[in-house]
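K.L.:
Mind looking over this structure? Questions follow.
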């Protein structure tokens, strides 16, 4: 511990000048007994404290974000993994090819399907459970909360294994229960019509807990006196919900909808582990298509174009949601 | 959003409450309303309990199924109708798993990466969180904007060049390659900033007047005060790393460096290998989930607290 302290503090003056910018003040190490620290000391400390994050951010996030964009205009292939600079620029070719690529269009459609059905279900059910937990009962809240949140903390791989088994048409749990009442279970993951809905149900099951916890926090942040005042003024249960809870929950609703949408637009793990995109590409999502092009076929330029199209879509939808769901009462 | 509808009148209080009907009477606390407590209120509450219990059962069923199936014989596993409780308890699938997959090695890999990632995030996220919350310096707002922006960027966007970069750095199949992209996560910075803000300025100011250096103030004064936040951060980061799947899948070719989820998924998605080994896959899943689930149940407060903090502010 103490050695870390020494070295980091000792390193301070060296790294400082580069970052402090104009009006360089005297370096640290100066004692200012009885006086406020000069701004320069905090300035330097601030940048020093930021450096590790900024360096890692620059190398492993900013650089790749830019590199993906650049790669999407090249024919980056397997040989360029060892020799990236020899990739040739081919302009917008990847992008024009994309929009004639039936697989990609199908992936876009599948992803939209997943989001449009999955997000309202997840947010709606999460909100429902949160309200029931927060306002409907007064005992065993923690017990229920832990139970509903448990799938969030578990590995997708384990979840996929179990769900594949649950959904198995011959000796799965659902098939067994169905045969008990004289029904035959469909082959959920083997059917083009049912594979995607099955993945959506699984995603809702897995993400419900996150949404629930966010809504519970939002509900608890509503001051009790506001409710009290509304009741004293004779507000009914419904009016209280409609005029107090909903408006005050709006920021939470916005936030949960946005993060759930972003997460679902990126959906990759569920189809990768459960169906590998099948049957006949009915669960192929954009991220999965990108992964395949990039890491199975090493068409990395083409895959980069896919990644950027998805990114632009995500940004556009996020901005749109922020606009639409923003508190427009102000 | 469904909850924002204005029309539909409030349903009668006796209407059954349902999670898919967010307009139901269960939204408000029946016990503390202006209406006197009545039999209807109690009935309504029992209804809510029943509903939540059913929901919980649905949530827990796959876990129960997995746990019990891990101890079933092959005959029980394929029995129709399904048997919940094994007719004969067996550990044969544990043996099978250990035989066919080098579980201790993958466990060690997962653990090593998770510990390294957690340690680096504890230090780096706290440093920047402290600076953003408690230090006044030029560019602070820009850095904070950067952190918020980084929160929004989907991880899949960076996979391709990150793979190329790691290949060039010869970090494929190394612990460094597995951990570096996650060594300082924006969400951790955000979390720590929120908690650091709660430290009273007077305390830090007093230390500064006594001539303490900023690093000392950070490490010896601020950090001990945010221990609960550090616990929350450790749990969330550790878990994220333990469960991480896509990047380890890409960044490892050598089975010697597989993490537990990658090893299991590689096995499970290869039909030549996994055919007929459902019992073994159940055991593998159980081994991935069990440590995490236990930690979660014991420390569940930290999870929800952390999530709520990053979610709300």
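Even glycines carry a Cβ here, placed using N, Cα and C.
Automated prediction, rather than curation, is the source of TrEMBL annotations.
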K.L.:
For the record in TrEMBL, which of the ranges B:143-163, B:248-268 is the transmembrane segment one?
P.N.:
B:143-163
K.L.:
Can you find at least 3 Cβ pairs under 8 Å between the transmembrane segment (B:175-196) and the transmembrane segment (B:106-131), where each pair is 6 or more residues apart in sequence?
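P.N.:
Touching, yes - the transmembrane segment (B:175-196) and the transmembrane segment (B:106-131) meet the threshold of 3 or more Cβ pairs under 8 Å.
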K.L.:
So which residues does the transmembrane segment (B:279-299) touch in its own chain, when a touch means Cβ under 8 Å and the partner is 6 or more beyond its ends?
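P.N.:
Answer is 63, 66-67, 69-70, 72-74, 77, 92-94, 96-97, 100-101, 103, 107, 231, 235, 239, 242-243, 260-261, 264, 267-268.
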